[in-house]
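Engineer: Checked Swiss-Prot, it gives:
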{"type": "TRANSMEM", "residues": "20-42", "note": "transmembrane segment"}
{"type": "TRANSMEM", "residues": "47-69", "note": "transmembrane segment"}
{"type": "TRANSMEM", "residues": "104-126", "note": "transmembrane segment"}
{"type": "TRANSMEM", "residues": "136-155", "note": "transmembrane segment"}
{"type": "TRANSMEM", "residues": "167-189", "note": "transmembrane segment"}
{"type": "TRANSMEM", "residues": "239-256", "note": "transmembrane segment"}
{"type": "TRANSMEM", "residues": "277-299", "note": "transmembrane segment"}
{"type": "TRANSMEM", "residues": "304-326", "note": "transmembrane segment"}
{"type": "TRANSMEM", "residues": "333-355", "note": "transmembrane segment"}
Amino acid sequence: MSDIHAKKFSKQSSIPGMKLIPGLILAAILTAISIYAGNIPWFINMGLGTLTLAILAGIIVGNTVYPLLKPYCDEGIHFSKHYLLRAGIILYGFRLTFQQIADVGITGLLIDAAMLSSTFFIAIWLGKSLFGLDQQTVILIGAGSSICGAAAIMATEPVVNAPASKVAVAVSTIVIFGTIAIFIYPWFYQLNEHYQWLPLTQETFGIFTGSTLHEVAQVVAVGHAISDQTENVAVISKMIRVMMLAPFLLLLSRYINHADTKNGRNHQEKTPITIPWFAVIFIAIAGFNSFNLLPAAIVNSLINIDTIMLTMAMGALGLTTHVSAIRQAGFKPILLALILFVWLMAGGLLINLGIQHLFG
């Protein structure tokens, strides 16, 4: 596009909200295509749900024509990926009730706690002793893998005072393996359903998905590709894990401040802590929905809006997932994230089955 068009667009974009429109339109187009394709029998039989198709379409466009559109669409895509995702998760509470949350119970809580702590400590141990990575990179990758992906990395960044380059590396590794997992998890579930290797029901697989996948959106995509029950349980399990971000950041901040004091590097200002308020509101909405105060028609409309928001967020996530991110991340961070990814799947499966056997 010419400089004249770019300047003209820049002037028009001075109007509040105008800069969001091109990106929102692009995300909406991907959403419409994905919803249509998601109802095609072939995709249904392949276990490719609407959200999975949205991120796949986003990746294809993101690595082909999107670089040309990015100057015009970037702000709207960023808005979709961050704010529509959180709004979608908040509205997801209208699909749930406290009774369903109680059904996950102590088992889901213990599994989430075990996965978070084990994954983070493995990241610290391997990252420092085996790969010799710096503490900031290790903590960022560990937080992203053990809690909630890019959101956890962005929340951890001010605590460790990491530069933008290290944040980008950590986010790249999380997005790469989280995206791969979107396709592996439904495939593994279908194989296990056929061969009956492990005693996994739709509910227990939902807990496994929520306790091991990186991003909230990825959890929704995997659960959606299997069944409504799996999706509901997976999101509940994941949101319990996301809620653990706040105490994790508090403990991490205290640890870093203690280490800095021990090493003679006192900070004059307290490290800011980011609390995932969208997770708190999600729980509040689920509680409100438990009382059945709204007519069913309104709740169904909110659920439809929620589906559109989440699909737009997944498309936006795909648009910003670039193949070049693998090269930018480097070998050691990628290898660390790969090992953590394998642990989340294999170790997570063992922890899930073990705790469910003891407390289920």
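Residue numbers in this text run from 1 along the chain shown.
Any Cβ shown, glycine's included, is placed from N, Cα and C.
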Engineer: Counting Cβ pairs under 8 Å that sit 6 or more residues apart, are there three or more between the transmembrane segment (104-126) and the transmembrane segment (167-189)?
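Structural biologist: Counting Cβ pairs under 8 Å (6 or more apart in sequence), the transmembrane segment (104-126) does not reach the transmembrane segment (167-189), since there are fewer than 3.
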Engineer: For the transmembrane segment (277-299), find every same-chain residue at least 6 residues outside the stretch whose CB is under 8 Å from a CB in it, and list them.
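Structural biologist: Residues 86-87, 89-101, 239, 242-243, 245.
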